[in-house]
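*Asks:* Straight out of Swiss-Prot:
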type    : residues       : note
BINDING : 164-219        : ATP binding site
BINDING : Asp290, Glu303 : Mg(2+) 1 binding site
BINDING : Asp290, Glu303 : Mn(2+) 1 binding site
BINDING : Glu303, Asn305 : Mg(2+) 2 binding site
BINDING : Glu303, Asn305 : Mn(2+) 2 binding site
DOMAIN  : 134-336        : domain 'ATP-grasp'
Amino acid sequence: MKKIAVLFGGNSPEYSVSLTSAASVIQAIDPLKYEVMTIGIAPTMDWYWYQGNLANVRNDTWLEDHKNCHQLTFSSQGFILGEKRIVPDVLFPVLHGKYGEDGCIQGLLELMNLPYVGCHVAASALCMNKWLLHQLADTMGIASAPTLLLSRYENDPATIDRFIQDHGFPIFIKPNEAGSSKGITKVTDKTALQSALTTAFAYGSTVLIQKAIAGIEIGCGILGNEQLTIGACDAISLVDGFFDFEEKYQLISATITVPAPLPLALESQIKEQAQLLYRNLGLTGLARIDFFVTNQGAIYLNEINTMPGFTGHSRYPAMMAEVGLSYEILVEQLIALAEEDKR
């Protein structure tokens, strides 16, 4: 029986989301086909084979279950537990944001010679860096909102003022390399500017100031390596504010509609752009590609998630369910794609 190792946790602002997503993935893996190995990464970055109750993962008490936490070390082929070598057939890194989607875990798994679900090192790192992603998208004829890149060492107030004069308010101030809308502030006047910059810089050394696009957010899920399955597009509606971390995982005032109520021609255009990005950036396994669409039908790239949320109400599984892939089948196909990619 093949051994599937599911990774969760890590030193990331999205630690809690990872636990919830991973618990759902583990539940979906067929125990008659696969032996599941649950590997937790503590915020200290210590790795453990967790053999306790899955509910403890979901409610984040797994590290308190000491008798079921067995510390792992790495080898060039798998893991070492005591004197035993453990080599999973496929590793499913259900890790979001920092260290999970930025190429770090992918590089480690490459060094360990382990097949894994999702995009490779370069593609993961590129999609995490929104500024570089948008520069490359521009070469493909795919538009992004007007954006100013700032670094912790170069953030001239005069440059910021010129950007605001050119594009006006509202603007979004966001970390260049963070996921799940962490550290993002919608700014409507200068009084909130410095506070928003401080918040964003807490997540990294580079920050984006981006013109707010009036319209709706549309997502497009893609599954596959050579042969692609394009999921249904979804649309996000908010009573107020923007689709921040709390809205993404608690749905306080957000409504997600799948399939998105789009004219057929516009939907086709969005899917074409999503496929172009997926192919040209060398994405594999899965991704959710998010756009803004104005009332006039203009399309702007927002971001690409190379390991989108996998909770029970997450967008990516819902997109795939709409085209006939249940959560369980989706997980099984991702495992198969990882094996195919390694070959």
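Using N, Cα and C of the backbone, Cβ positions are placed for all residues, glycine too.
Given the structure is predicted, the values throughout are model-derived calculations rather than measurements.
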*Asks:* Output, ordered by sequence, the same-chain residues six or more apart from Ile171 (ATP binding site) with a CB under 8 Å from its CB, or 'none'.
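*Replies:* When sequence neighbours closer than 6 are ignored, Ile171 (ATP binding site) has Ile164, Lys186, Val187, Ile209, Gln210, Lys211, Ala212 within Cβ distance under 8 Å.
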*Asks:* From the Cα of Asp290 (Mg(2+) 1 binding site) across to the Cα of Thr206 (ATP binding site), what is the distance in angstrom?
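*Replies:* Just about 21 Å between their Cα atoms.
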*Asks:* DSSP secondary structure for Ala192 (ATP binding site), reduced to helix/strand/coil, please.
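*Replies:* Helix, per DSSP.
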*Asks:* Within 10 angstroms of the C-beta of Thr206 (ATP binding site), what count of other C-beta atoms is obtained when all protein chains are considered?
*Replies:* 20
*Asks:* Within 10 angstroms of the C-beta of Glu303 (Mg(2+) 1 binding site), what count of other C-beta atoms is obtained when all protein chains are considered?
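*Replies:* If we count other Cβ atoms within 10 Å of Glu303 (Mg(2+) 1 binding site), we arrive at 18.
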*Asks:* Taking Ala178, Ile213 as the binding-site residues to compare, which has the smallest set of other Cβ atoms within 10 Å?
*Replies:* Ile213
*Asks:* With every protein chain in view, what's the tally of Cβ atoms within 10 Å of the Cβ of Ile164 (ATP binding site), excluding that atom itself?
*Replies:* 18
*Asks:* Going along the chain, which residues six or more apart from Asp290 (Mg(2+) 1 binding site) have their CB under 8 A from its CB?
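*Replies:* Those within reach of Asp290 (Mg(2+) 1 binding site), by Cβ under 8 Å and sequence separation of 6 or more, are Glu217, Ile218, Gly219, Cys220, Leu301, Asn302, Glu303, Ile304, Asn305.
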*Asks:* Tell me whether Thr206 (ATP binding site) sits in a helix, a strand or coil according to DSSP.
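*Replies:* Where Thr206 (ATP binding site) sits, the three-state DSSP reduction gives strand.
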*Asks:* Below 8 Å Cβ to Cβ and six or more residues apart, same chain only. Which residues does that give for Thr185 (ATP binding site)?
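*Replies:* In sequence order, Phe172, Ile173, Lys174, Ala192, Ser195, Ala196, Thr199, Ala200 meet the Cβ cut-off.
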